[in-house]
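Here TrEMBL flags 53-76, 97-124, 144-163, 175-194 as transmembrane segment.
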Amino acid sequence: MEATHLHPKQQACHDCDLLIELPEQLNDNQSLLCPRCKKVQWTQYKHPVDKTVAYSLTALILLVIANAFPFLSFDAQGQTRTITIIQASNELYIQGFYLLAFLVYVCVLLFPAIYLSCLLAITIPTKIGLKPPFAITLGRTLSYLLPWVMTEVFMVGVLVALIKIIELADIVFGVAFWAYIGFVVCFLASSAIASKHQLWTWINHGK
Ligand SMILES: [Zn+2]
């Protein structure tokens, strides 16, 4: 069902499609649940614009740090090897895992960076009381990108791989490793606060 055909005070549940009557306003830290499947539809956070700007900016800075410094160092049989995230995906490409290398570039580095930039392009003007330029395009871009951002999947993959490698080599976690963990936390926080509902509220009505 097209969202544009719905009454503006109604929303289809994200999980079971039940039409939900939207309340005028939620209190701070209050969530709207679907009456049928009890899934959270959106949460009204306190100072959502400020928090989204803070988390998104921090996440972008941590992503730059995560790419500028060594991610992991392996020490096996007297030989030490240090890799960055970009080198790890280059290595996948060299070994013939083209799709995997492409997914790491795009879903782990490129899309999160574009997502955060678009989010800041909406929230910073909203914060200072201006209408964000190209707001509808930015809002749609954010909705399309989010399912393709796989930062936490990458982190879980790295941790699972480490369990196997740790028996074969001594591993030193680089600055980029900790920066990437911080980035994932900040990214998840900003995308949770800037939910679809919150995003379109900013785009249509400002703060
Ligand atoms: Zn539901």
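Residue numbers in this text run from 1 along the chain shown.
Cβ from N, Cα, C; glycine included.
Since the structure is predicted, the reported quantities are computational estimates derived from the model, not experimental observations.
Same-chain residues lying 6 or more positions outside the transmembrane segment (144-163) and placing a CB less than 8 Å from one of its CB atoms are 103-104, 106-108, 111-112, 114-115, 118, 171, 180-181, 183-184, 187-188, 191. Within its own chain, the transmembrane segment (53-76) is flanked in space by residues 82-86, 88, 109, 112-113, 116-117, 119-120, 123-124, 127, 165, 168-177, 179-180, 182-183, 186-187, 189-190, 193, which lie at least six positions past its ends and keep a Cβ under 8 Å from the stretch.
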